[in-house]
Amino acid sequence: METRYNLKSPAVKRLMKEAAELKDPTDHYHAQPLEDNLFEWHFTVRGPPDSDFDGGVYHGRIVLPPEYPMKPPSIILLTANGRFEVGKKICLSISGHHPETWQPSWSIRTALLAIIGFMPTKGEGAIGSLDYTPEERRALAKKSQDFCCEGCGSAMKDVLLPLKSGSDSSQADQEAKELARQISFKAEVNSSGKTISESDLNHSFSLTDLQDDIPTTFQGATASTSYGLQNSSAASFHQPTQPVAKNTSMSPRQRRAQQQSQRRLSTSPDVIQGHQPRDNHTDHGGSAVLIVILTLALAALIFRRIYLANEYIFDFEL
């Protein structure tokens, strides 16, 4: 088999290493690749004790992608069990249905333990899940021991080692339960995180919302400004209200244009000046001085006009 594959491929190296590690069967699981296909494995797992699957021995396929271990495998059960559909890719956090929860550090052994740990759990409508009654599952568990795989030739009666009652067996059961719990918890966390990120990504706002917020802040910062200053500032903030399109439906060019328009709005001199409070007394003082100067100039012009008129009359009489 080694001569048929590129030994420099990370997937080939990883699968050959795992095949060597799983070569010897245990009392709970066993898995090996087919003789003519390194990327398809057949596995056998024992049903978890103290459950509806106690006493059952279940067989299935693991189809691995060329990108393994960066992408998860697909898992297909071949033995009727009452928990997973036969001949269909099942939906687990470690399977190809959930690449977002898969970790490259997980292995085929991880998948086998997860299958054992997930068997007593509820399907909850997942793809490939079944919810048979406990009686039906126990009957299928007994029937599973007579199954023989045509693809690899494995017989369920002798493919696994006899079940032990020692600490190794209980440790494997506990490890499977703990692994299933951790994977399930990780899937829930990732699912909630994905919901949050999608809601943030799909959230859109319009410039109207921005206009509603800016005057409030501006009025709080310039409570002592005159009414005319507030009106001019409010007028400088007024912009046409056009809703901003969602990021997911805009082209890169449209997103860049949107970002540039937002930057121009935020760096506008009117906006910058609007956030800088002015001294009301300084404005009134300057206006008063200007009024006085204009009044004095007007009075000087009037007096000069009167003076010139009187001087002309005096010269005329002489």
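The backbone N, Cα and C atoms fix where each Cβ goes, glycine too.
In the shown protein chains, 17 other C-beta atoms lie within 10 A of the C-beta of Cys91 (active site, glycyl thioester intermediate). The feature active site, glycyl thioester intermediate is assigned by Swiss-Prot to Cys91, with sequence analysis given as support.
Annotation comment: Swiss-Prot describes 229-248 as compositional bias 'Polar residues'.
Per Swiss-Prot, compositional bias 'Low complexity' is recorded for 249-268.
The feature domain 'UBC core' is assigned by Swiss-Prot to 10-160, with sequence analysis given as support.
Swiss-Prot lists Ser184 (among others) with the feature phosphoserine.
Annotated phosphoserine per Swiss-Prot: Ser266 (among others), in sequence order.
Per Swiss-Prot, phosphoserine is recorded for Ser268 (among others).
The region 'Disordered' annotation in Swiss-Prot covers 229-283.
Confidence in the topological domain 'Cytoplasmic' (1-282), given as mean pLDDT, stands at 76. Annotation comment: Swiss-Prot describes 1-282 as topological domain 'Cytoplasmic'.
The annotation topological domain 'Lumenal' is assigned in Swiss-Prot to 304-318.
Per Swiss-Prot, the feature transmembrane segment maps to 283-303.
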